[in-house]
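Listed features, source TrEMBL:
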type	residues	note
DISULFID	Cys211-Cys232	disulfide bond
DISULFID	Cys310-Cys331	disulfide bond
DOMAIN	47-158	domain 'Ig-like'
DOMAIN	165-260	domain 'Link'
DOMAIN	266-355	domain 'Link'
Amino acid sequence: LPLLLKATLLRLASGSYHPFFNGFYYNHIMNDNDDSQDKVDYFNGAKLVVETPQDPVYSYNGANVTLPCHYRYEPDLGPKRKIRIKWSKLREDYTKEQDVMVAIGKTYVAFGDFKGRAHLHQASRHEASLVISDVRLQDDGKYRCEVIDGLEDESDVVDLRLQGIVFPYQPPRGQYRLNFHEAERVCQDQGAILANFNQLFQAWSEGLDWCNAGWLADGTVQYPIRLPRKPCGGVHLAPGIRSYGPRHRHLHRFDAFCFSSALKGEVFYLDRLAGMTLEEAKQSCQDAGAEIARVGQLYSAWKFLGLDRCSAGWLADGSVRYPIVTPRANCGPSEPGVRSFGFPSKGRFGVFCYRER
């Protein structure tokens, strides 16, 4: 105990100990006159208020999006002050997941995956909006806008939601073969990511009914049921999202629910009179200046581009599928959807290709 007390006193004496740290040292504020002198800025008697939209901000893969954030003082302090702005991405429980960007005046630094993609938009006097360019699937989520002025530190949260589609995925080996980490990889291989609960709930509200349980991004295992039935939790349970709760990410095995957003390119269909093997299909796409499409790309083209083709085609994972927007005779069930022939080891089909615009 005496040694610990002595070490603590030495740290305090050296001036290297900061009792309150949240990304900044609050006892030092940059001088408004930019004369390279630091000054201590005590509470100024005005209330700092930070405001963001209460409704979600919607975007899609590859787009540019602005997350609005404004602040003000009550009462107003007059000319714009040099404050600090910090943006963070949050987990679903509102704890910090990662730093996005910090800024003082016109100087800012973006972090991690947001380097080169994030900057401030300050068109008005008290604006601290965040601009994210080339939006990625992983950008979906909650963001905290934090404004720091001396001892004043206030924040609010913006919810960024990507417009997309959730699709269940089983690998060629069959049902319930994926642990959590394998589920993450197979979604990425199909041009997607593991869906979160909000995305699955939205898909359920739009009609997704699937009786096989699958991993979500938070490590829980769930499945959406529109029509209660005996094999899917029983006929007496109401429609909804059935949950197994968190599962062991290495030991337990299920399917996956993947999420894909709008495309930067186009999906198109190629065929030959005699059809193609999988290897011939891949080569045909390359010859057309494209690549064989992935499952997430086919689902996105079906939902966002209205791709409708009553002809089965190979995809990159070795599955054979086809998208139907307008159900009709000899094209499967009476509902729109992406039909699957599974993973045939033999057979000759057309192919769906993907090409960037």
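Placement of Cβ uses the backbone N, Cα and C atoms for every residue, glycine included.
Note that this is a predicted model, so its numbers are computed, not measured.
Reported as a whole number, the C-alpha separation between Cys211 (disulfide bond) and Cys331 (disulfide bond) equals 23 Å.
Each of the disulfide-bonded residues Cys232, Cys331 was ranked by the number of other C-beta atoms within 10 Å, and first place falls to Cys232. Looking just at the domain 'Link' (266-355), the mean pLDDT is 96. Cβ neighbours of Cys310 (disulfide bond) (same chain, under 8 Å, six or more residues apart in sequence): Tyr322, Ile324, Arg328, Asn330, Cys331. Under DSSP, residues within the domain 'Ig-like' (47-158) fall into helix, strand and coil as 6 helix, 61 strand, 45 coil. Summarised by DSSP class, the composition of the domain 'Link' (266-355) is 20 helix, 26 strand, 44 coil.
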